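To start, the structure under review is shown below, and the notes come after it.
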Amino acid sequence: MTDHIPLQPVRRPHRHDSKHRHGCCPWSACCGIGDLRPRTVWLGHPEKKEQRYPRNVINNQKYNFFTFLPGVLFNQFKYFFNFYFLLLACSQFVEELRLGALYTYWVPLGFVLIITITRESTEEIRCYLRDKENQRVPADMIFLRTSERNGSCFLRTDQLDGETAWKLRLPVACTQRLPTDLLQIRSYVYAEEPNIDIHNFIGTFTREDGDPPVNESLGIENTLWASTVVASGTVVGVVIYTGKELRSVMNTSNPRHKVGLFDLEVNCLTKILFGALVVVSLVMVALQHFAGRWYLQIFRFVLLFSHIVPISLRVNLDMGKMVFSWMIKKDPKIPGTVVRTSTIPEQLGRISYLLTDKTGTLTQNEMVFRRLHLGTVAYGMDSMDEVQSHVFSAYTQKKSCPKNMKKNPKIMSATKVRKTISSRVHEAVKAIALVHNVTPVYEANGVTDQAEAEQHYEDTCRVYQAASPDEVSLVQWTESVGLTLVGRDQSSMQLRTPTGQILNFTILQIFHFTYESKRMGIIVRDESTGEITFYMKGADVVMAGIVQYNDWLEEECGNMAREGLRVLVVAKKSLTEEQYQDFETRYLQAKISVHDRSLKVATVIESLEMEMELLCLTGVEDQLQTDVRPTLEILRNAGIKVWMLTGDNLETATCTAKNAHLITRNQDIHTFRSVTTRGEAHLELNAFRRKHDCALVISGDSLEVCLKYYEYEFMELACQCPAVVCCRCTPTQKAQIVRLLQERTGKLTCAVGDGGNDVSMIQEADCGVGVEGKEGKQASLAADFSVTQFKHLGRLLMVHGRNSYKRSAALSQFVIHRSLCIATMQTVFSTVFYFASVPLYQGFLVIGYSTIYTMFPVFSLVLDKDVKSEVAMLYPELYKDLQKGRPLSFKTFLIWVLISIYQGSIIMYGALLLFESEFVHIVAISFTSLILTELLMVALTIQTWHWLMIVGELLSLACYVASLVFLHEFIDVYFIITLSFLWKVTVITLVSCLPLYILKYLRRRFSPPNYSKLTS
């Protein structure tokens, strides 16, 4: 039965992928999945041997002990440039191609690999430790029995669907009541084939040794999926799926690997450098007139000028990304921010479109009851005392009624007169107090223990558990007006009236809310009168066709939505015993069916959902998060267009957009008319085309029609709008809009959301940001960056995104400059000495140049900033320059190439002109000038000094001076302490740097950048 099945927890699901249903390939047996079929699991039938199922061990690590090193190396060298440097290093084993000591090529490559291996091993160890901490449900099971007194349990599915709310689960009725050992009964479970749907399940439980045999329907409420947490007590279940057939495993897929635009641009520049390397090598051989074994000379020159393509570029940028991610996580002004994808922080500095969810992202997802509407009368927050008075009078009048009238429905119906306002209010409140999935839970508070609190329904010890904050807010409101939910178990519910009387209701059936049905219902029997009532609540779009005809529902729903309220329609229908028995028979028959169960069940329920009595409308308000308005204003001023994609109705979405100032007060709004055909879409698009500078509001249905027939035209018009609101959007549509924006505009997109329905949008965007909210952590876990509040997005983009991009651009340019300088010097040296393929610097000089002599100052550029963070937030217009990619463009790249060629040539020609007798003096003069030039260039580029930058400069200089003692093989130690050496180095360094400083000064003087005006 399975309390002892070992299971390592799976990583959270990233996105549903059809490959998990059918395997990764036509030969899915290779994946260990095999043919997925329904199965029968037997209890008390040891003689029955079923087929073998997957072992219940799931390994989340990418490698094992034997595959770690080969796997890491393969993932590194499958990229061309890493493989290129490996070939360069290996070529040094060939005597005819060797240019110096082996370590000059292998040490830099080894340094890169050590950093990569360290990072991968750290991640593997973390994953291994996380696997060992599993204390969750070990396998997919059918719930048979619980130790809880109310006969049910609550389950948290945060690692499965990201929702942190507790979900009610029910054991199989006949096994929960059994006093005997479950292994002693003869029964079996029929379960559907394993699939990825975590929200539905079809199966049956059959007990053969009963009299008569028992056949029960099994649904999602009877399941305990692996990786979930049981709230309290112990549970017993029968395992139906294990290993690779677990729902959680089948839903786990690798997310789309996001490669930043900056990385693609750097790769493009690196390819240009590689092309330059090949061209220079060919030119050098051509100048030798392709004499002798010229093809070997080409390889030698490629090796000689290999510095043109900097091997340290990738490592420096990766380390920079780690620093930027650490800065984001440690920023005290955006506490709780988590970086889950540390490879794309600079993407945050170039966002052009931001797509956001509404509920829980722009709003708090904390529902406050604001309005009760009965058609002829409405009650707001200022008149709730009237509701309370009506509820109180309804129960005091009932109490004073003759006892025989209460018990005889015929007498009561005969004496009914026109309903008073009090009775209508009472019926509405009673319906709201009954139609939900909320369970009151009692906890010890230090004065009263749990058992006593539960027995006496202590108000101070009671908390409400539910999957939706909407439902909790409604139940809390009924408590505030006098009708309190005090108890609930699997089959009954207790309400306490204002007079202290306990009303008992038997729960006959519950129809749970789904995103497809948009409604939930419950059938209860009032124990005091025997009346059976079917209560239902749902969205106005579905309830309008269920309730009896009325002339106010549509109008009042629109009015309440325009006030920004989330509207629910509440209705009821009285049933006779015969009607209910007939329904129950058909319903149980449909539930036992294993083929088309959902359709058959829905058909039976719909037979009840006709001509229901409309009781009331409820309006709850979801207030805006803190500082949403200033944050949206910052984004707008930064040139970022904001689109709101929500599942709410058009009126509520438009109201929230106005309230949040997503649509400004003086901005025109074009509400896209509902269209269903190509012709209608064409006419509406023409009408929209005539509007200028107006916000667009469109529903998901109309959007689907437009994208089907006029995708290009619609996206062209929508991209010109300052703001777009898409309502009634499905998760698939959200992801489709992100994808179309990327394809049509070529601009970077950022998607922000907080719920499971936002995951596809977040993963499709160039940058996905998850907001940890009331709906759980699914969006947060699937995102590249996680924040606790929407307002943190402003600082994340304006400060960290901007700094990350500008710093990465500066770092990459300097690494390229550093490599091109020494490559230019080598070219000049080879040219002067008759195109000889002889290295200028050998041994430790080559390694030291790009590591201990220049690494610290160059890498310290990750701390540089042009303006303070407060200024960046105050003037978001500075962000606009980054969207055009100016910090790293072909223009800036060409400028740095020219600077490198100029400085490399000056240093080399200067050393050749000023040296006197020995070649070793050329090395001493040129290498020292090269180091000093690089340190000075970093100092001239820095805009805001940090103490670590000064330490880096001084440490590098000290390392070079100290190492001269050990470099006597390459440098004449006695020569470098002479006055001749000092003045020659000084002159060369000044000639290489001073003109550039003068040009920089003149440019800042006569054509200053935008930020310089703010820092002066």
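Using the three backbone atoms N, Cα and C, a Cβ is placed for every residue, glycine included.
Automatic prediction, not curation, is the source of TrEMBL annotations.
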Labelled transmembrane segment by TrEMBL, one stretch among 82-104, 703-725, 841-863. Can you tell me which?
841-863
I need the nearest neighbour of Asp754 (Mg(2+) binding site) among the recorded positions Asp357, Arg566, Gly647, using C-alpha distances.
Asp357
Do the transmembrane segment (947-967) and the transmembrane segment (294-317) come together with 3 or more C-beta pairs under 8 Å, pairs six or more apart in sequence?
no
Over the span of the domain 'P-type ATPase N-terminal' (45-105), count residues by DSSP class, listing helix, strand and coil in order.
28 helix, 0 strand, 33 coil
Around Thr359 (Mg(2+) binding site), how many other CB atoms lie within 10 A of its CB?
27
Cβ-Cβ under 8 Å from Arg566 (ATP binding site), same chain, 6 or more residues apart: which ones?
Met367, Asp470, Gly619, Val620, Glu621, Asp622, Asp648, Thr652
Which chain-mates of Phe513 (ATP binding site) that are at least 6 residues away have a CB under 8 A from its CB, listed by sequence?
Asn437, Ser468, Arg519, Met520, Gly538
Mind giving me a neighbour count for Arg728 (ATP binding site)? Other Cβ atoms within 10 Å of its Cβ, every protein chain shown.
18
Tally every other Cβ atom lying within 10 Å of the Cβ atom of Asp357 (active site, 4-aspartylphosphate intermediate).
29
Of Gly647, Arg728, Asp758, which binding-site residues come within 10 Å of Asp357 (active site, 4-aspartylphosphate intermediate), going by C-alpha to C-alpha distance?
Gly647, Asp758
